[in-house]
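Undergrad: A single structure is presented below for examination.
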Amino acid sequence: VFIFISDFSKAMSQAGTSQFQEVIRQELEYSMKVELDKILATATSNELEHTKKDLEGFKKLFHRFLQEKGPSVDWGKIQRPPEDSIQPYEKIKARGLPDNIASVLNKLVVVKLNGGLGTSMGCKGPKSLIGVRNENTFLDLTVQQIEHLNKSYNTDVPLVLMNSFNTDDDTKKILQKYSHSRVKIYTFNQSRYPRINKETLLPIAKDVSYSGENTECWYPPGHGDIYASFYNSGLLDNLIGEGKEYIFVSNIDNLGATVDLYILNHLMNPPNGKRCEFVMEVTNKTRADVKGGTLTQYENKLRLVEIAQVPKAHVDEFKSVSKFKIFNTNNLWIALSAIKRLQEKNAIDMEIIVNPKTLDGGLNVIQLETAVGAAIKSFENSLGINVPRSRFLPVKTTSDLLLVMSNLYSLNAGSLTMSEKREFPTVPLVKLGSSFTKVQDYLRRFESIPDMLELDHLTVSGDVTFGKNVSLKGTVIIIANHGDRIDIPAGALLENKIVSGNLRILDH
């Protein structure tokens, strides 16, 4: 009897706790609704429609955020994907290409995720407008690639840019320069959501404006927002009406993400006759990629698992290169009709990423985001394709920028390819110190980009500058201690060298 009573009281107290939590949840949702209504009341008639859509989308996300607690994967259910669910690229390529590749290409739309700013590299404005190679920006290279495709095959592959409220104005101004290129360019904006005060869980915005002191009140909610905002913009329906069937989505700063005809052919002419609605390009992990999201089998579906969803006890296992061998490149091929179907049923399920931020004034806020690849489990007949590393060439830092500006790559019609003179298929590991973080500082420190064809590893720290025509080979480590400066002289060859101390080359 005693056992029964103690169990009963435990059950009662648990019921009490869950009831109490439910009351708290309802109060938070009500308070949020009141605040959002106040914000909406400040919108002009021009802003009303899209602000309403944005805030509705945010409300759904906030509701889910309150319902879900802790990492959203049950580690015990994670399995390795079945063999045939991740195909090697070589097998896809071995099928060759049909004679009518132009008609296949005409079913494609290229979408670039263009919501990011260049702040991490010390630049103002959209990241896509940073010069990466011979004065060409990320956007220039993208347009050149698609123009080359359209000219080569006499096709009409359009480019769609998903901008954010941070990048839209600057991007639209620059698009005028492509008005004579052979690429139709469309843009749509991702949603604009209010940042939430971490303590009160209420929005910090008081009205709809997002300029001046209000810039920090709003944020674009991650690239998972593509499905809703693409659909809401009307562009999805227009493209379906034009006979387009697939989008190829990638980050605009991934210079390896070019249209691949073999993958496109595999989608349009599947060997088993059953079309995939969603293809994710994955590539083999190296030690540098241990934090990348990986594809797993979960409840009989392919599922993307990100490090933020992994219970703390299993993080090391998740990072293991031997257990989880691949990671998501965020190069995705998705059927337009499937996006429309799932969006209309409200059936796209993506885990919430809670991104904590500290604003300039010291206020702690959270922003609720989603990731585009997480929707893979909502689509039918999904597939992973294990592609060569060359399809993943992101430029996130000036260390990455140094690689793509160097003679390791040659540029042809907007596409970068690894130089044939490089003897290894992998790129060198480059770590530039904090003196190189901002693009303008980085450019000032190189009179010309060094010859890096035979480089394995480069570490540079402190106040270091490079003269013209420097060659770097093997492992090179250059460290200027605090207060010292090292000038690498023009024409210098550094092979397996450690340089430290003070080395000034004075003009005379």
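Cβ coordinates are placed from backbone N, Cα and C, and glycine is handled just like the others.
Checked TrEMBL, it gives:
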- LYS127, GLN190, GLY222, ASP253, LYS396: UTP binding site (BINDING)
- HIS223: substrate binding site (BINDING)
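Map the listed features onto the structure and describe their local environment.
TA: Sequence-distant neighbours of ASP253 (UTP binding site): residues of the same chain at least 6 apart with a C-beta under 8 Å from its C-beta are GLY116, LYS127, SER128, PHE138, PRO394, VAL395, LYS396.
In the shown protein chains, 23 other C-beta atoms lie within 10 A of the C-beta of HIS223 (substrate binding site).
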Undergrad: For the binding-site residues LYS127, LYS396, work out the Cβ neighbour count at 10 Å and name the residue with the minimum.
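TA: If we count Cβ atoms within 10 Å for the binding-site residues LYS127, LYS396, the smallest count is at LYS396.
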